[in-house]
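J.: Next up is a structure, given as C-alpha cells.
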Amino acid sequence: MNFRNDINGLRALAVMSVVLFHFGVPYMEGGFVGVDIFFVISGFLMTSIIFNKLDKNKFSVLDFYVDRARRIIPALLFLCIALLGFGWLLLLPTEYQLLSKHISSSLLFLSNISYSLETSYFDVASHEKWLLHTWSLSVEWQFYIIYPLFILLLKKIIKDLKWVKLVILASALFSLLLSIFLSAKYPTHAFFLLPTRAWEMFAGGLIVLYPLNLRERYSRVLEMLGIILIVISIAFLSEGQPWPGHLALLPVVATMMIIVANRSSSWLTSNPIAQFLGTTSYSIYLWHWPIVVLLNYLSISSISMKVVGIGLSIVLGYLSYKLVEEKTKNIGKGSVLGKSWQNRQMLVLISLVGLSFSASTSVLIYKGIPNRVSEQVRMMDAAHNDNSPFRDTCFLQSGTQSPNCIFGNKQAENKFIFLGDSHALALLGGAIEALGPQQNLLFKGYSGCPTVLGVNPRSRPECGKFVRLTIDELNTKYINVPVIISNRAPLAEYLSSSTKRSDTLKISFAGKNITDKAELKRVYTQQYIETMCALTKYHKVYVIMPVPEPSIDVPKIMARNFNLYGKSPDYSISLIQNRQENRFILDVMTQAQSICGVTLINPSDFLCENNICAVAQNNYPLYYDDNHLSEKGNRLLVPMFQRIYQQ
C-alpha cells in the first residue's frame, strides 16, 4: 500500500502522548492511550498487507514474518545490548538479574506475559523495570504470528470472503467483551495480554474489510472529530480507571475515524514536525522509557531534568532510527536464504539475538553477577531477602484456612496467639526468639488482610471470611489465651487521597464499596472496635502500634548509594512525623483501649531514640523494603515481646 502521511502523523500523536504521560507532564494523564492508537494502526496496516497480497496470490507467511522481524527486532536488540552494558556498570546484582530476565522475555516477545504475572502497569515498582514498555511489542508480535494463520485458515475453511469478514468482526466483538469483563475482574491480566487487546488491532483491520469512501468535506469533519476525541481521551482518562475495557473504545474509535478520513494532505498530521516524530516514533518509544526509569533510579524529579529527558528521548530515538532502523531495513530482502548479502545480514541479526539472549540468560543464572560490586553493596542488596523464613509455610496469600504454626515448646501451657498481616509476619522472628522454655506461640497471618470484622480488601476477597473464622476459632478453642495483633497502619495503605490506581480505596465492609473517605473512616473505626471487643471477651489482647515506616526501600536505596557514590545519606525516620501520618489509626487504637480494654504496645520505644528511628545498624538495613522490618530489625523487638510474655 502507498505511504500515508496521516497515519505517520497519527504515530507522532501516539508516541508523544505516551512519552509526555510517562514523564509526568500535566494534563497528559490519559497519554497511555497512545499504545491503543498504535494497536489500531498496526491492525489496519497488517490487514491491508495480508489481503492485498492474498488478492494477488503473492502472500507468504514466511515473508510476512521476516518483514515484521526486520521492522521490530534490530532497534529492540540494540536497546537490549545497550542496557546489558549499562546494567553491568551501574546496577545492583538483584536489579541486573531482573533486567536480564526482562531482556530475555523481550527478545522472545513474551514480556507482556512476564509482566502480567509480576505487577500492575501503573504500580510504583513499574518505574524500576527498564523494559516494561516492551509489553506492547510482545502483544503486537503475538498478533502478527497468529493473525495471518487465522486468516489463511478462515479462507481455507469458509472460502466466502463475506463470511471471513464476519468471523473477524465476531472475533473483534468477542475480544472486546472479554476485555470489558476482565478489566474489572483481573485488571493486570486484561492490560497486558493479547486476548483482551486483540480487538484493538481487529478494529484497524475492519477499516480495510469494510471500507468507506467519503467526500472531502465529510473526511475533514471526521478527521477533526477523531483528533478531538483523542485529545479528550488524553486529557480526561486516567490510570485509575479499568483499562482497556469499554473506555478504550474512545481512542480506538477516534483512531479509526482518522484512518477512515484518509486525509494525507491534512496539515494536522502531515506537517514536518508530525512527520519527523512519526517516522522516528518506534525508536523514540523504545528509548523514552529507559530514560524515565534512569531519572527515577537516580531520584531525579525536577521539571528541568524531565524536559531534558523528553529531549533526550527524541534525540536517541532519531539516532536509533538513522543508525539502526535505516541501516537494517533491507535485511532479509533477497533470494534464497544465505545466497544474498541481505540474507547473510539476516543470519547475523539472528546470531546477535541469540548471543544477547544467551548473555541475558547467563546474567539471570549467575544472579546478576554479584562480584561486580563491593562486598558491602552485596550485603545491603541481599537484605531484600532478609525476611521471614515462614512466609511460604505459615502465611496465607489466599483462601481462608490458615496453617496452625506453633513455635516454642508445643507441650507448654503458657500459650500466646499472634495475628495479623505481613507486618505481623515481619515481627514473627523477634516474637519467636523472645519465647521462654515453657512458652509457645500460635501464628496466623494473612497477606494484606487487616484484623477487622467485615473487611473486604479488593485484592483479598476472602480476607473478611478468614478474619471471622479465625476470631470464632479463637473464641471457642483458645479461650483465655492472650492474643497479640499487628497490622500495617491502614491510613496510608487504604485511605490515601491519591487518585492513582495503586493508592485508591482498596477496602469495603460487608460487601459495600464505600467511596467517601470520611464515611470509610467512620465505618472502619466502628468495625475495628467491634472486633477488639469481640476478642477481649475471651482474651487478654495486645495491639502492637504502627511500626515506623521509612519513605524509601531501605536495602535498595542504601545499596544504590554505596554502589554509585561510596556512601549513603541518613534516611532515619522522624517519630513525630510518623505519628502524624498514623494519627487516624492511633486514635482508633486509643478508642479500642478505652472501650474494649486492649493493651497498646509501642514498638517505637524499642526502635527509636530521641524521636529518631534508624533504618540501618552498622550499615546493615533494619528493613527489607520500605515498610517491613527485616529479620535483623525484628530482633530489636525481642525485649518488647518478652515484656508481653511476662505480663
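Glycine is treated like the rest: Cβ placed from N, Cα and C.
Below are the features I grabbed from TrEMBL:
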type	residues	note
DOMAIN	5-320	domain 'Acyltransferase 3'
TRANSMEM	7-25	transmembrane segment
TRANSMEM	31-51	transmembrane segment
TRANSMEM	72-91	transmembrane segment
TRANSMEM	130-154	transmembrane segment
TRANSMEM	166-184	transmembrane segment
TRANSMEM	190-209	transmembrane segment
TRANSMEM	221-237	transmembrane segment
TRANSMEM	243-261	transmembrane segment
TRANSMEM	273-297	transmembrane segment
TRANSMEM	303-324	transmembrane segment
TRANSMEM	345-366	transmembrane segment
DOMAIN	401-642	domain 'SGNH'
J.: So which of 7-25, 31-51, 190-209, 273-297, 345-366 has the most C-beta pairs under 8 Å when paired with the transmembrane segment (130-154)?
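T.: It is 31-51, which has the most Cβ pairs under 8 Å.
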J.: Can you tell me which parts of the same chain pack against the transmembrane segment (303-324), counting only residues 6+ beyond its ends and a CB-CB cutoff under 8 A?
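T.: Counting only partners 6 or more residues beyond its ends, the transmembrane segment (303-324) has Cβ contacts under 8 Å with 19-20, 23-25, 74-75, 78-79, 277, 279-288, 291-292, 295.
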J.: Do we see three or more Cβ pairs under 8 Å linking the transmembrane segment (7-25) and the transmembrane segment (166-184), pairs being at least 6 apart in sequence?
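T.: Contact criterion not met.
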J.: I'd like to know if the transmembrane segment (31-51) touches the transmembrane segment (190-209) in this structure, counting it as a touch only when three or more C-beta pairs sit under 8 Å and are separated by 6 or more positions.
T.: yes
J.: Which stretch from 31-51, 243-261, 273-297 shares the most C-beta pairs under 8 Å with the transmembrane segment (72-91)?
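T.: Highest pair count goes to 273-297.
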J.: Please work out the mean pLDDT for the residues of the domain 'SGNH' (401-642).
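T.: Average per-residue pLDDT within the domain 'SGNH' (401-642): 88.
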J.: Answer with yes or no whether the transmembrane segment (31-51) touches the transmembrane segment (243-261) by the criterion of at least three Cβ pairs under 8 A, sequence separation 6 or more.
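T.: Since 3 or more Cβ pairs under 8 Å link them, the transmembrane segment (243-261) and the transmembrane segment (31-51) do come into contact.
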